[in-house]
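Engineer: Just dropping this structure here.
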């Protein structure tokens, strides 16, 4: 009895000490700042024995499936020269961590909790097109549900390489890719899938800032498995971000001024070709267009692999202005009056003055040429009549003068006995006749020069109309072609 009572006392002391120790170590009975802190107990429970450096699966043959999602928030910049696209996206990824599971009933029905990202395992999924580290905000937490689902949501400023095609500028549509893949783990360890369906992902523009230069059309997704050495296979998810430039700014500041200058160049053809004002006007337009190209040169995108079509358009417009100036110089040279100008060749008269007005329906010029010819013939007839009358009157006067001089000489010799005039002195009427003949020859020569100048003037007017129509057709065809191409690109 004495021995059993001793063992009983010893057992009592041990039980009392254990009860006291458990009472001291139990967190809920602690009246400190962590009393009844369910989240603290849950965090201690989840971090107890957790290894963040090990892929969180109980069976190593099980692949961790990472679901990702992408939403474009803004297009920050598009650098055509360096072929770089800067975007701001909302990136979401989720996976199942088999070691972060608990029973909500044991923790006051807590079904999800935020944990530091540095304390949990995170997949090494990166973007292949990264060329620079963007200024992305640091989100240090992830959400974990009681079933082990880890949600890692964060905004990212993405600076990626992109092949930009600026040929259709300013109606260009760019397609840039963002490829997400695990840099190290094969498909046996990490596989990638979409968090949403491709249809919902394609048409989702709920968070896009639609106020900048670029407009988001859609986001396409493509899943692919590839291998580098035909031994290890990797999974990748590629997002194609399709954006389109808004062309209104460039249309107002680039296209419209160029169109106005070309219209003024066409209007300049209505100036008379025989005046020097058209040449001055064309030169002024050419100078103004050169200054315009210098101003807009900084606005056009510059790349080493190609030239935008609008740059070709400006060059062609400059070439058209030069051609217009050349045509004006040629016409002015034809219609300019010169004394030593050769006559118009017969084949030029036939082709330009006879056939061209009929073929190209130049009715006004044809009537103008006929009227000039009729006026010239009437002028010739009037001159011949006047010259003939003057010649007859001069001959009649000369005969009268000769008779009078003969009678005077006879009367002087018989009645007055005056000395006769010397034989080497020419009569006054002969000198007058010679002067009138010289004047007539000069007037005939001047009239022939005027007729030649009129013929060249007629040729110049007809050629001016023909070249103007050819120039106008070329400008209209060129404008329709560019307008059609740009309309197709804008709708596409």
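Positions of Cβ are set from backbone N, Cα and C atoms, glycine also.
Note: TrEMBL annotation is automatic and uncurated.
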Engineer: Looking at the ranges 442-465, 466-489, which is given as transmembrane segment in TrEMBL?
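Structural biologist: Matching range for transmembrane segment: 466-489.
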Engineer: With the ranges 224-247, 248-271, 344-367 to choose from, which does TrEMBL describe as transmembrane segment?
Structural biologist: 248-271
Engineer: Using TrEMBL as the reference, determine which range in 195-217, 310-332, 379-401 is annotated transmembrane segment.
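Structural biologist: Based on what TrEMBL states, transmembrane segment spans 310-332.
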Engineer: Between the candidate ranges 173-194, 283-304, where does TrEMBL place the transmembrane segment annotation?
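Structural biologist: My reading of TrEMBL: the transmembrane segment range is 283-304.
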